[in-house]
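Beneath this line is the structure, given in C-alpha cells, with notes to follow.
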C-alpha cells in the first residue's frame, strides 16, 4: 500500500473511532441531561469554545506542533468530554465541553491541512493534478468518517439512551499517535523556512486572511453547511420524525443520512477529476433546493414511511458535496495559508450551527426552510463569483503567455 493512502486510512479510522463515541453522546445530550437545561448548556459552551478557538488556536498549534500532534492533543479534548459524561454534572460537563470546543477547531483544521499536503505531495510525485488528488483524499476520508454516524446511531437506536463504547476514543488516540506519519508542507521545505513568522502574526493569521476577497465570498459555504446540518439534526428529526413517527425512529433516519453521505463522499471525490467541482456544487445545490421545496409542501403522515427516509438520504447526498468539495476548495485556493483557511472554515461553520440552534426555538419550520433557501442562494452566488474571477485570471495569464513569444519574435525581427 502506498504511503499516502496508508496515512489517509489511519487518519480516517482514527476519526471513525473518535466520533463513534462522541457522535452518539452529542445526539443524546439534550435528551440524557434535560434537567435544568444541562445538555443544552453543554452544547452551547461547546460551540462557544469552538468559535473562540477557531480565531486563534489552529494556525499557532499546527505551526508549533505539526498536524499529527495537533490532532492527537485535540482528540484528548474529545475523550475528556466522554469521561465527563460518566459523572455528568455542571462541574464536569461544562468544563469538558469548553475544552472540547477549544480542541475541535484545531482538530479539523489540522485534518484538512494534513489531507491537502498529502494530496499535493502524492500528485507531485505521480505527475497528477493536485486538486484532483486532494478531492479524492477528502472523499476517502469522509467515506470512513461518516460511517461513524451509522455505527453511533445504530447503537443508540437499538438500545435507546445507551451511548457507544467510550474506549473507542482512547483507541483513536493510540492509532493516530503510533501509526500516523508527520508531514511537512512542500512549500515550506522549498522556502527553507528562511524567516519564521512572528508569534502574533501566526496567531492572527486567520483574521488577516480575510484581506483576501475570495475568502470573504466563500465563507457563506461553511456558514450554509452549519445551517443545513443543524436543520437536519435538530428540526427535521424533531418536527418531522418525532412528531409523526416517534423518537425511536430518529436514529434510523440519521443512519440513512450517514450511509448515503459516506457513499456519495467517495463517489464525488473520484468524480471531481472528470466533472470538475463546479458541476458537483451545482448538483448539491439542486438536491438541497429540491428538498427544501419538498419539505415546504409536504404534510408528513405515519403511512408515508418511505418518504421519511428519502429526504435524509437526499440530504446526505448533497451534504457529501459540501463536506468533500468545500474542504478541497479551501485547501486548493488558499494553499499558502492552509491552516488559517481551514480555521476560518470551521469558524463560519460553527457560527452557522450557533445561529441555527439559537433561532430554532423561536421560528417555525417553514421560516427556517426559507432561511436555508436564502443562505443557499447567496452561497451559490458567491461561489459562482469566485469561480468566474478565477477563470478570468487564468484566461488573462494564458493570453499574456501567448502574446509574450510573439512580442519577442517581433523584437528579434527588428534587430
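Just so you know, glycine gets a Cβ as well, placed from its N, Cα and C.
Bear in mind that TrEMBL entries carry predicted annotations, made automatically and left uncurated.
Feature annotation (TrEMBL): of 301-321, 322-342, 343-363, the stretch labelled transmembrane segment is 343-363. It is 343-363 that, among the stretches 94-117, 137-159, 165-183, 343-363, forms the most Cβ pairs under 8 Å with the transmembrane segment (215-233). Taking pairs at least six residues apart, the transmembrane segment (94-117) and the transmembrane segment (239-268) share fewer than three Cβ pairs below 8 Å and do not count as touching. Only sequence-distant pairs (6 or more apart) were considered; of these, fewer than three Cβ pairs between the transmembrane segment (239-268) and the transmembrane segment (39-62) are under 8 A, so the stretches are not in contact. If you look at the transmembrane segment (39-62) against the transmembrane segment (165-183), you find fewer than three C-beta pairs under 8 angstroms, all six or more positions apart, and that falls short of contact.
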